[in-house]
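Some features that TrEMBL has for this protein:
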COMPBIAS  45-66  compositional bias 'Basic and acidic residues'
DOMAIN    260-388  domain 'Transposase DDE'
REGION    32-90  region 'Disordered'
């Protein structure tokens, strides 16, 4: 089935194209995180699973000792010995054996930054993902949708909850589909076309892919709504009093090129070429002895950064090469950019509404990326067939 499902999906897409259901000028990408046939409780790093196995084995030892003590006290041989406890011991022993067998056959999963991430014993290709309804163990079903009739031009599931790396494989998937369907301009299919995605997709890799494909892309950063005047009332409702110091609370001494903090301590010049995500910063640093015992420390450091021993003040002074984020911010904040981006939801969100609510896909029933991908493509195919029924054959 894995070799037939994608060609079948593309054949249906070809019918959509022949019936003029594809506009081919405006696209939107989004994802739908759904649980799969995998246990969230069986997730963890290798060290976590080893600890879990040790705890189970320790519990079994305690239960066996308790049972032995009970058997010694019981003088009546006709009295049944804790059959319920024996079943519990058998279950726990099997559970520990399953963990041990899995650890022998599997290594830890590594994330994109080279650090170990959580594995899953029931489906190690799935991921523990955070959603608006809590955390789920499953897959991230992605789609690229054509704006004209909300036809899905490419669909695929990924075992990751992050969307920051998912634009390139989806764009390449659309181009491959167009090439297989006989489009001679498949390599330049996206040139000059409009492409939208939400702020979860705002990353250097995704933006660079849009530039490489000559896409007219609109992918906002996470602060876009904070800059948009249309959300002024919304911002006022959620506004709270400032508790942490801002850059303006530090006094600059031009003659010595240093800053003085609200507690009177000096932050001296540290570096003038600190690059973070393409932006070049000029940095100033305090002394460790000035910050460790400071009474204002909690107002200077956030809770997540409470452990650092020194305070850094960083001021952007330029960019290291082309700053794609800055260019996108300028583009998305323009009147034209806001107007174009406002159509994103009406293009892609109804697709998920149809698949989840009308087609009742609220979880994947299979395990493994190949099988789950087949299930996702089947539902996306049904969505596209429905578009052919509603808008094809004289209705386009």
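Here the Cβ of each residue, glycine as well, is placed from N, Cα and C on the backbone.
The helix, strand and coil residue counts that DSSP assigns across the domain 'Transposase DDE' (260-388) are 60 helix, 27 strand, 42 coil. Confidence in the domain 'Transposase DDE' (260-388), given as mean pLDDT, stands at 86.
Per DSSP, the compositional bias 'Basic and acidic residues' (45-66) is made up of 21 helix, 0 strand, 1 coil.
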